[in-house]
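A.B. asks: The structure that follows is given in the form of structure tokens.
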Amino acid sequence: MNFIKLNIFYRNLKRDKLISIINAVGLIIGILSALFILEYVYYQRSYDNHHENAKDIYRVAYNRYQNNEVLWKTANSFPPTGKWLKEHYSDVVNHARITPKNEITISYNNASGSKIIYSEDKTYYATSSIFEVFTIPLLQGEKDPLKAPNTVAISHLAAERYFGEERPLGKTIKVNGNEDYMITAVYKKMPKNSIVKSDFLFSMETIYKQRPRIRTSWTYDYGSTFIQLKPNSDYKKLEKEGLPEMIAANYKKRLDSQGKRDTYYLQPLQDIHLTSNIEYESEPPVNGKIISILFGFSIFLLIIAWINFINLTTARSIERANEVGVKKINGASKMNLITQFLSEAFLFNILCLAITIVLFYALNPWFKTITQIGDFNLFEHSKFLGTFIVIFVLGIIISCIYPAVILQSYKPVTVLKGKFKNKREGVFFRKLLVTLQFVISVVLLCGTLIAYKQATFLMEKDMGINYAQSIVIKAPKTGEKQSELQSKILLMKDELTQIPEVKGFTFSSDIPGQEIQHWFGCRRKGYDHTDSNGYFQLSVDDQFLEFYNVKLLAGRLFRKGEKETGTKSIIMNVKAMERVGYKTPEEAINNFVVTGRNEEFKIIGIVDDFYYQSIKNEPVPTVLRLTDSHKAFLILKVASNNTTEILQKLKTIYENYFPEQPFDYLSLENKISNTLKSDRTFLFVFSLFSILAIIIAVIGIVGLILITISQRMKEIGIRKVLGSELMDVSKLLAKEVASQIIIAIIIAIPLAWYGYQNWFLKTYINSIELQIWMFLVPVIVLFIIVFLVIHLVALRAYQMTLSEVLQNE
């Protein structure tokens, strides 16, 4: 591009400053919004892409059925799974297994004699092959670090936290006060966008040493198996042939005798975070359909922005008609003119992109904090760069060609005689684009309200348990004898309940907002073992159901001291009752169930179903057992709004009994709220950028109205002299877009209703019902915004006198 063309480009920008600014702001907001959405989308889609063999890694998962009823869908599998598949199928080149060790206390006595102790809530047992299957760079230590029992590999951040400048290799850490592990390796901390991430990987051989039968067990399925296939292997073939053969060879006869069946399948590692919805995930996955919706949203934003650019550029074309006429008379060819206008449009888009990238990096820390996507860098993502460059270049070409063709098409004789008028087809195309723009805007605005109502519905839905103002204290893990530890915990409980603000207290093996980790297998007394089923088990004290205000449907609650009497009793929820085979709560009361060890338990109560794990999942069949072991969670109900003060009181008492243990607590409300974190993030992203989409559309309308005013100033001035009021001028200008908005609404509402009903709400187990007001309110809001803006623009034109208009002419 030579100096003369740059000079023309600059002169045109300067001549129409306001329109140029409006055009630029629309493009910048559109591109910036799309970049932020794409950053969130690509972060979610980038999970586990960093592993060198990511495309060849699969997790083995299975569903269990009985009488065509799904008993469970789990990410777990049996310990011999990987070994058996590798031995029998040549496509399987390696395998690794992890088992959650869950929340533990780790301590280390450093060289100065100080004891360093922390609670760690995400740790695993792992086979040493995890470093071969997954890409986890070892910074220090052996190549096969977990081959021996009681060994552990730690992340470099854990090494810094516990050892400072000391070299950790060969050092011994103590787990829960009574387990010693020697550090054999230090690895680079796993990225945040990994489904498996932990600062501590303990040797799986430790479990096998303690319980040798587990190594070959086809009944104990606590833990996940990952297999690595040869490149380009057909994993579906292995699913169809190998996995059923594995069942048949190892435990199908046992399943058949119980009237059950298993269906195995392989989950591609890179798909798990977006598509999996089964039990015992290492972390809650996100809804892949919602991520796809956001990706489409980003494209819509770019379309809206480029529609603005096309409309404003073509609408301004009449102002450059004389320039085109003179250039054609001076010998400029069509290609010369098209090249010039394409160059100007391209340069304008590039300038807007440059400003956008500066703003993107300036605002990115804020966006990452809100969406919690860590240090993910969008522009380092190769797939994004390729996609974005293609989309942006195509967008520029498409949005620039049409205005360039329109501009070069003016006939010099007609233009120079001053008889030029916009072509009818050009006006029609512009109106078509405005209509499309508002179709997208209405769909997005309706989606914002629907997403808000859905998120609010989930947050406010009755879970069947009252968890308000509840504080959870993780029970200490000291290594003391169980009887001594329990005695101290009970003494501490008595002192804690003396605090005036503490209004309730209970113990349980698991807390709301996380998966129940324990299992209870049983059948009705007198029935064959083929009727045995599995249930989630909560070990609780006698105050648990009253503490959470769970509704009792029949029977009674646990009684204080009942455990000491030797009575074996259980309470079930409705789903568990129905799975056992009872039709009503009254029918189940005082009947017995029998476990696999032939222990008999009396059903003393039936409670209503409750959402213990997440409101986004169905209530699970749950059995509650009375326990006198208080080694998991202590939960207090407090009646004070001064959280800091009450926590200090709790901490003081806790440290009196366990001075060397960390006071580890959490708010139960926050814990449950975190199960909806991805939904709140989606709502934030969708709402924020829906508003920006409306702003872009309105900016475009403002630009078009300003251009219309500039072309009709003489008419407006004369109408004013003849007695027209401001409202008359507003109506005149509103007619320019009214028909397009009405047509857009007629198209958008059915489209939005169908789309959100079938693609958004159906992804939730519990969802709202769509109502007509959810579509009418956004439409009314859009009408008000558009016509208020038109009125303000009309006011600016109305305030000009006829003499000013004629002087400008």
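Placed from the backbone N, Cα and C atoms, the Cβ positions cover glycine too.
Since we're looking at a predicted model, the values are computed, not measured.
According to TrEMBL:
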DOMAIN    20-240  domain 'MacB-like periplasmic core'
TRANSMEM  21-43  transmembrane segment
TRANSMEM  290-310  transmembrane segment
DOMAIN    296-401  domain 'ABC3 transporter permease C-terminal'
TRANSMEM  345-364  transmembrane segment
TRANSMEM  384-407  transmembrane segment
TRANSMEM  428-452  transmembrane segment
TRANSMEM  682-709  transmembrane segment
DOMAIN    688-800  domain 'ABC3 transporter permease C-terminal'
TRANSMEM  737-756  transmembrane segment
TRANSMEM  772-794  transmembrane segment
A.B. asks: Contact between the transmembrane segment (737-756) and the transmembrane segment (21-43) is defined here as three or more C-beta pairs under 8 Å separated by at least 6 residues; is that satisfied?
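C.D. replies: Touching, no - the transmembrane segment (21-43) and the transmembrane segment (737-756) miss the threshold of 3 or more Cβ pairs under 8 Å.
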A.B. asks: Are there at least 3 C-beta pairs under 8 angstroms linking the transmembrane segment (682-709) and the transmembrane segment (772-794), leaving out pairs fewer than 6 apart in sequence?
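C.D. replies: Stretch pair touches.
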A.B. asks: What residues in the same chain, six or more past the boundaries of the transmembrane segment (428-452), come closer than 8 Å to it by Cβ-Cβ distance?
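C.D. replies: Contacts with the transmembrane segment (428-452): 297, 300, 303-304, 307-308, 310-311, 314-315, 402, 682-683, 686-687, 690-691, 693-694, 697, 700-701, 704, 737, 739-741, 743-745, 747-749, 751-752, 755-756, 760-761, 768, 770, 774-775, 777-779, 781-782.
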A.B. asks: Provide the three-state DSSP residue tally for the domain 'ABC3 transporter permease C-terminal' (688-800): helix first, then strand, then coil.
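C.D. replies: Output for the domain 'ABC3 transporter permease C-terminal' (688-800) reads 97 helix, 0 strand, 16 coil.
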A.B. asks: Calculate the per-residue pLDDT averaged over the domain 'MacB-like periplasmic core' (20-240) and state the result as an integer.
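C.D. replies: Here the predicted model's pLDDT, averaged over the domain 'MacB-like periplasmic core' (20-240), is 92.
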